[in-house]
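Notes to accompany the following structure.
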Amino acid sequence: MLQHGWKAGSRFPQASTKDEIARDSTSCCDLRKRMEAIPVSVPRAESDASRLAAVDAAVARGLRALAFRRYAAALALALLCTVLFLPGIASLPVTDRDEARFAQATKQMLETGDFVDIHFQQETRYKKPVGIYWLQSAAVTAAESAGATLTDIWAYRIPSFLGALGAVLLTFWAARGIFGRETALVASALFATCLTMSFEARIAKSDAALIAAIMLAQGALFRLYMARDPARTGWLAALFWIGLGVGILIKGPVAPALSFITAAVVLIFDSRRAWLKNLHWKWGVPLLLLLTLPWFIAIGVSSGGAFFKASLGQDFAGKLASGQEKHWGPPGFYFIAFWWTFWPAVLFATGGAVAWLWRQRRVSRRVLFLLAWIVPWWLIIEAIPTKLPHYALPLYPAIAMAAAFAFREAAQRVSRARLSAVLWSFLATAQIVLLLGLSWIAEAENLPLLVAILVTLAAASVFTAASAWGSYSRAALAGAVVSAALFYTAAFRVALPGLEPIWITKSATAAAERLAGCGEAPVAFGGISEPSLVFMNGTRTILGSVPGSAEALASGAARLAFVNGSKRDVFEKVFEDKAGAAPRFLGCVDGVNINGRGPTRLIVFARPEAAALPACVPVPETECRDKEVVRWRRLFDTKF
């Protein structure tokens with residue numbers, strides 16, 4: 001018999017005699033007091049888990065409070081989008097090449113007053129319809145009244161910011177009536193945080209505005225498909241046709257193609273056809289034509305049909321047939337890219353959630369519609385040779401809805417997100433290292449601020465991964481949102497604007513402005529043809545070959561020539577042949593041409609007679625710094 005020991009298989013101490021039992025009972029109160037006085041040591045893992053559980057419960061309460069208070073969810077999403085999308089929208093220089101082309105074409109519309117035809121300098125720009133140029137023109141006109149100029153790129157980015165904001169709010173609107181307010185709030189937040197959306201919201205291109213139009217059309221189509229009362233569908237049908245019309249004016253057939261494919265797949269797997277009457281075809285199609293035909297007729301007449309040949313016959317058909325503009329990619333590209341382009345929301349795209357959704361396709365019309373939206377379009381863009389990350393953007397609202405639905409309905413039935421947590425942590429770490437490494441190489445002045453933000457991001461990332469690992473999904477959601485806000489601020493507001501070497505247009509423009517005293521003629525660029533040079537230096541800017549820039553400077557058509565340093569000898573020979581004298585050397589502008597040309601040195605020349613002009617002298621912006629004192633050149637520049 002054990003004396004005050006542990007009986008085999010027992011968790012509690014046992015007394016062996018009646019006297020001992022009595023003695024124990026008389027001293028139980030003293031024993032209890034002594035035991036209460038003994039400090040209890042809680043294992044660290046249990047303590048951390050309890051804290052995560054508390055955060056998870058608090059986030060759950062917060063989501064419910066926001067979801068079910070009038071306007072609170074919409075206001076919270078608008079605030080979230082502002083935090084996610086706004087940093088960097090003004091400080092990030094104009095990017096090459098698409099953004100600069102869009103912005104310059106809009107700028108020329110405003111300069112000429114011609115809002116039908118589309119040009120980049122003297123060349124027609126017929127790849128996309130006019131919608132985005134109209135939106136940018138309206139935004140820039142409004143910004144000019146507040147003191148902006150035609151070269152303030154942030155004004156051209158306003159439609160993208162508003163389009164991204166609108167797409168997020170429309171995702172909430174579409175999902176609210178189908179999945180419930182809380183699921184709609186989670187879906188919209190996931191969509192807002194994804195990397196592709198955040199990038200497009202800051203860039204003066206067509207894709208953020210397009211996704212807003214797509215969400216208007218697809219959201220209305222989703223609700224029309226699920227509608228129980230056909231008598232109340234007229235306003236939804238109007239929104240559907242308006243969304244298609246706006247989408248066509250922004251980017252041609254993309255929006256109607258997505259809606260058509262989604263509806264067709266739904267009809268294949270759902271025998272019900274009555275919902276098609278909810279589209280109100282008889283007046284919907286005329287409304288669509290009323291919105292789109294006037295401009296298409298006008299541009300057809302103005303261009304003599306060249307617009308349709310270029311946009312449909314060359315641009316659209318060319319992307320279907322081959323990888324245009326060096327953007328070829330193999331099938332599977334978007335699946336691999338998804339894990340980064342949908343970050344940080346990718347944390348919730350778990351294999352268990354996908355499997356659960358796939359099983360639901362036969363019993364849930366909601367899931368069937370989402371899969372009809374996602375799967376066919378994904379297969380199509382994987383099959384198309386031309387691959388660009390934003391081609392998958394129309395899928396992301398549906399993926400966010402699907403993830404949020406599984407998040408709510410199958411939280412206890414899907415597998416833990418441990419693999420996603422590991423991959424998510426790897427991506428977060430890689431992004432932190434990338435931003436730090438690039439900023440160190442570029443000797444960025446704001447490196448201390450960047451380090452402070454990234455340390456906070458690292459802490460948020462650890463919290464997010466730990467929450468996901470422990471299946472505290474709501475805590476992980478909060479951590480992912482905070483991580484996104486920190487990363488986008490670090491990347492777009494601090495790191496990228498501080499990478500001076502990659503903004504060679506900004507450096508060249510600053511030099512040209514300081515050398516304005518060299519004459520009244522425009523600036524010529526030889527051996528470099530980035531569209532941003534035209535946007536920043538004026539529509540009359542001369543882009544061309546090195547011999548062409550030499551001839552322009554020699555003839556007086558240009559006041560300055562910025563020449564690729566690798567062709568300096570060619571420039572000087574052509575200039576001397578034309579002008580009979582050597583050009584005046586004013587210095588260098590160093591940078592990195594990120595569009596495939598690597599480290600680049602631009603040599604700055606003026607006409608020989610400019611030596612007599614007191615304001616046409618070398619300036620600090622054109623100092624030819626020695627390679628050994630510039631870190632990025634010392635590490636990577638093997639040309640100059």
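Glycine is treated like the rest: Cβ placed from N, Cα and C.
Residues or ranges marked as domain 'ArnT-like N-terminal' in TrEMBL: 99-301. Summarising model confidence by region, the domain 'ArnT-like N-terminal' (99-301) averages a pLDDT of 96.
Residues or ranges marked as transmembrane segment in TrEMBL: 154-173 (among others).
Positions annotated as transmembrane segment by TrEMBL: 185-203 (among others). Same-chain neighbours of the transmembrane segment (185-203): 63, 66-67, 73, 76-77, 80-81, 84-85, 88-89, 92, 95, 98-99, 157, 160-161, 163-165, 167-169, 171-172, 175, 179, 211, 340-346, 348, 389-390, 392-393, 396-397, 400-401, 403-405, 407-408, 477, 480-481, 484, 488, 492, counting only residues six or more beyond its ends whose CB sits under 8 Å from a CB of the stretch.
Annotation source TrEMBL lists transmembrane segment at 209-226 (among others).
The transmembrane segment annotation in TrEMBL covers 233-250 (among others). Here the transmembrane segment (233-250) has long-range neighbours at 128-132, 134-135, 206, 209-210, 213-221, 223-224, 227, 256, 259, 278-280, 284-285, 287-288, 291-292, 295, meaning same-chain residues at least 6 beyond its ends whose C-beta is under 8 angstroms from one of its own.
Residues 214, 217-218, 221, 224-225, 227, 230, 240, 244, 247-248, 361, 365, 368-369, 372-373, 375-377, 380, 394 of the same chain lie 6 or more positions beyond the ends of the transmembrane segment (256-275) yet place their CB under 8 Å from a CB of it. Under the heading transmembrane segment, TrEMBL lists 256-275 (among others).
The transmembrane segment feature in TrEMBL is assigned to 287-312 (among others). Within its own chain, the transmembrane segment (287-312) has Cβ neighbours under 8 Å at 116-117, 124, 126-130, 238, 241-242, 244-246, 248-249, 252, counting only residues six or more beyond its boundaries.
Residues or ranges marked as transmembrane segment in TrEMBL: 332-358 (among others). Within its own chain, the transmembrane segment (332-358) is flanked in space by residues 190-191, 193-196, 367, 370-371, 378, 381-382, 387, 389, 391-392, 396, 399-400, 402-407, 409-410, 413-417, 419-421, 423-424, 427-428, 464, 468, 473, 476-477, 480-481, 483-484, 487, which lie at least six positions past its ends and keep a Cβ under 8 Å from the stretch.
If you look up TrEMBL, you'll see 367-385 (among others) marked as transmembrane segment. Tertiary neighbourhood of the transmembrane segment (367-385): same-chain residues 218, 222, 225-226, 258, 261-263, 265-266, 269-270, 319-323, 328-329, 331-335, 357-358, 360-361, 391-392, 394-395, 398-399, 401-402, 405, selected by CB-CB distance under 8 Å and a gap of 6+ residues from either end.
According to TrEMBL, the transmembrane segment annotation covers 391-407 (among others). Proximity of distant same-chain residues to the transmembrane segment (391-407), defined by a Cβ-Cβ separation under 8 Å and at least 6 residues beyond the stretch ends, is recorded for 167, 171, 174-175, 179, 183-184, 186-188, 190-191, 194, 196-197, 200, 207, 210-211, 214-215, 218, 254, 258, 334, 337-338, 341-342, 345, 348-350, 353, 356-357, 366-367, 370-371, 373-374, 377-378, 381, 384, 414, 473, 477.
The transmembrane segment annotation in TrEMBL covers 419-441 (among others).
Within its own chain, the transmembrane segment (447-469) is flanked in space by residues 48, 52, 55-56, 344, 347, 416-418, 420-422, 424-425, 428-429, 432, 435-436, 439-440, 475-476, 479-480, 482-483, 486-487, 489-490, 494-495, 498, which lie at least six positions past its ends and keep a Cβ under 8 Å from the stretch. The transmembrane segment feature in TrEMBL is assigned to 447-469 (among others).
According to TrEMBL, the feature transmembrane segment maps to 476-496 (among others). Nonlocal intrachain contacts for the transmembrane segment (476-496), taken as residues 6+ away from its ends with a CB within less than 8 angstroms of a stretch CB, comprise 55, 59, 80, 83-85, 87-89, 91-92, 186, 189-190, 193, 198, 202, 344-345, 347-348, 407, 417, 421, 428, 431, 435, 438-439, 444, 446, 449-450, 453-454, 456-457, 460-461, 463-464, 467-468.
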